[in-house]
Structure formats: structure tokens, C-alpha cells
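Worksheet: the structure to be examined is printed underneath.
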Amino acid sequence: MLDLLFAVIARDLKLALRRQADLVSALFFFIIVVSLFPLGVGPEMDMLRKMAPGVLWVAALLATMLTLPRLFGDDYRDGTLEQLVLAPQPLPVTVLGKMAAHWLTSGLPLTLLAPVLGLQFDLSADGLLVLTLALLVGTPSLSAIGAIGAALTLGLRGGGVLVSLLVLPLYIPVLIFGAGAVDAAVSGLGFEAHLSLLGALLAGSLFFAPWATAAALKISLE
Amino acid sequence: MNNRLINWFKFASPATFYPLAGKMIPWFVALSVVFGAAGLYLGMFVAPTDFQQGEGYRIIFIHVPASWMSMFIYLVMAFWAALGLAFNTRLSGMMATALAPTGALMAFLSLWTGALWGKPMWGTWWVWDARLTSELILLFLYIGFIALQSAIDDPRRADKAGAVLALVGVVNIPIIYFSVKWWNTLHQGASVSLTKSPSMAATMLWAMLLVALCFWMYSIAVALGRARNIMLERERHTEWVRQLLAGKES
């Protein structure tokens, strides 16, 4: 099982690294969206500092969502996905591997980049630290929950827009606790509760999402 | 011993359910009209004017039942979805599809009447209160379900994909509700709360319950009607639909 998991992760990573343009464009999307907010609302640092957690988190949600069609789309078009579903190995484990690879290529780079963008918003050192931690715990849930939406909309016309309709409402708890953790840290309150809740969401979504995604994949490939 | 099982599953077939639904709809429509007339009469004419809110509060006789129904219909939809996935019955998916627009309508109605009530009472159309926000998200979930189903051409795949989404949604609804609630208390945002004085005149409660029953009956009638149309559309190549249509034309 672990062999399968690592094999899927290694394969997906290799494929992703051969298409670096995709990775980089999602990251630049994140940077551009975050940089648009000060242009839209004005450069007052007080307001920006207040908005920073929400802006960074919403931008992270959107950037993750943009990369979701890639999760199964290429494998679906060249027929690999069908073979993965037919394979005797348990599909939820394969799916978990794909989620992990997706997070490594989308969520993790966002997390590493976020503190730099947080500096633009004049976040305090505590705030930056908690922001990074929260993104580290929160973005894997985004990949896991998003995979369900990606699997459901596989091969549909207008899949990209549809995936946002399905997935964004389900992202709301992650957004609330993720941004809440940073808010709490900035205003000097305890942020541990938020991080624990993010961890709980992560545990729940890692457990349930592979099954739901596997079921959705089977339906989509019927 | 087997008879009971057969009786239950008999109506899982569209061919037998179609006429049954046709017979049931007039009853539910009649009940809905009776309950609605009684509830609105009680609510609009009998119930006393509220001490603080004046006559404007009477919109809650629509607002509260609509909110109840919007949540309840999502549960029923998820129930049919689970049944459809478990037993692979055609009718369950049709029922879930037929319920979704009514549920979305109820959620919208609840938000709309809430806004109309909020303007004179709170002085604003919208506050980021936990209940308002989660009702809005419920509407988003309904819209996602409808959008997913309408994007898929193959009805069987649409049913199953919708079923998975409805089940994922129903697991998430409590999580979303509580996260929004905690978010709201943490931000100390809305200074007004929906919790009104606990003592409610008995006539008000009765009126609300009667309107809720009216909405319930209305939802059943409309969902059955919509399910009948879906059945005809999807089963148009079958013998029973052909016979039915031929019988109607002659």
C-alpha cells in the first residue's frame, strides 16, 4: 500500500516537474491576486494589516482551485486514469497519492511563498509564522476536498467554472479557521484552537475525501 | 413473507410510481391550500400585533417555515441520494433532482424575506450573522448541485454524481454551520442577534406551524410533479410511456 502511495506520488511529481509552466503560473496567479488588493483598496497600512489574513487565504483558495482540473484531467484525456481505476490496487490509496502530489505542487509552494507576500501587508513576525503554519495545515485539506469536485466534473463542459461552484462552499470552514488563526495571532490572542480545528478538518478530509473521490471517479468513468 | 418487500419495491419503478404520484398530487395541493389559508389567516389577522416590532414582524410567518423547509429538503435530498447510490434505483435520483429546485427556492425565499424583515427592524438589509451566512451557503450548495446535474448529459451519471455531491454536502453542513457560528462570535461582528424574546404567543406558533405544513405539502406536490415530468422525459423510449401518451391522445 505504501509502495503504491509513493509510486503514485513520484509519478505525479515527475509529470508536474516536466510541466513547470503550470506550477509557476498558479503561483503567479496567487501573487498577482494578492497584489491587486492594495491597488483596489488603497495603500493605508493599518487597513492592509487587518485585511492580510483574509486576502492571503482567499487568494490561496482561488489558486488551489485553479489547479484542480489538472489533478485528474491529463490522466483522463490520455486514458491513464481508466487503467488506474481498473488496477487491482485500492483506488482510494491511488487517489490519496494524487492528492499528496497535488498538494506538494500547489499547496506547499503557496505556503512557502505566503510569508513574503505577508511582508507586503506589514504582518508582524508572529502573524507571518502563524500564517505559514496555518497554510501548512490547511492547504492539504483544500487539495483533498477539491479532489472530490475535480473527480465529479471530469470531462464535463465548463468543468473549470463548475468546480468552483461545487468546491468553494466546502472550503469555507478552512478559510474561516485559517484566516482566524492569523487574525488571532496578530491581535495577540491564542491561535492554537484555530490550528487544532484546521488539523481536525485535515484529519477528517484525509479520511473521507479519498473514498468520496474514488466513488466520483468511478461514476465519471462509467 | 416476501410480500411486504415486493410491495415496497413495487413503487420504485417509474411505471408504477407515475400514476401513484398523479393520484397523490391533488391531495397534497388541497392540503397545502387548506393549511396555507388557515396559517395565513391566523398569522395575518388573528395573531396580536407585536409589542416591539409592530405589524412588520408578520413576515416571519413566511420566513421561518421557508428556512425550515430549505434545511429539511436538503436532508431529504441527501436521503434519496444515498438510497439511489445504495440500491441503484432510478426513481431515487429523480426524486433528488426534483427536490433541488424547491429547496433552492425555499433558501432564496428565506433570505429574501429575511432581508425585507431586517431593513425595518435592524435598519439594514443584510448582516453577517451566523444564521444568515449559513443559509446563504446552503443556497450555494443547492446551486452547485443543480449546476452539476445540468452539466452532465447522461441522466444516470448525473444522478450518481449529484448523489455523491449531496452526501458530501450533508456531511459538511454541520461543519460549515459551526465554523460560521464560531467565526461570528469571534469577530463580534453583528451587534443584533436573531434570538427574539422567548415567549411567543400561542397563536403565532400555531400560525407558523400551519404555514410550515403548507410549505411541506407544497414541496411534496411540486417535487412529485417535477419527478413525473423527469420520468416521462427519461423513459420516453419505454413501452409504458408510449402507451400512456397514446392513451392520452386518443
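Positions of Cβ are set from backbone N, Cα and C atoms, glycine also.
All annotation found in TrEMBL is predicted automatically rather than curated by experts.
Residues or ranges marked as domain 'Cytochrome c assembly protein' in TrEMBL: B:17-187.
Sequence annotations record features per position, and here TrEMBL assigns transmembrane segment to B:27-47 (among others).
Among the features that TrEMBL reports, transmembrane segment is placed at B:67-87 (among others).
According to TrEMBL, the feature transmembrane segment maps to B:94-112 (among others).
Taken from TrEMBL, the feature transmembrane segment applies to B:132-152 (among others). Outside the transmembrane segment (B:132-152), and at least 6 residues removed from its termini, the chain residues within Cβ reach (under 8 Å) are 67, 70-71, 74, 77, 97, 100-101, 103-104, 107-108, 110-111, 114, 126, 158-159, 161-162, 165-166, 169, 173, 176-177, 180-181, 184.
The transmembrane segment annotation in TrEMBL covers B:164-183 (among others). Panel annotation: around the transmembrane segment (B:164-183), residues 74-75, 77-78, 81-82, 85, 96, 130, 133-134, 137-138, 141, 144-145, 148 of the same chain, lying at least six beyond its termini, place a Cβ under 8 Å from a Cβ of the stretch.
Residues annotated as transmembrane segment in TrEMBL: B:203-224 (among others).
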Same-chain residues at least 6 beyond the ends of the transmembrane segment (B:67-87) whose Cβ lies under 8 Å from its Cβ atoms: 12, 93, 95-96, 99-100, 102-103, 106-107, 109-110, 114, 135, 138-139, 141-142, 145, 159-160, 162-164, 166-167, 169-170, 173, 212, 215-216, 219
Long-range neighbours of the transmembrane segment (B:203-224), counting only residues six or more past its ends (CB under 8 A): 21, 24-25, 28-29, 31-33, 35-36, 38-40, 42-43, 46-48, 60-62, 64-66, 68-69, 72-73, 95, 98-99, 102, 106
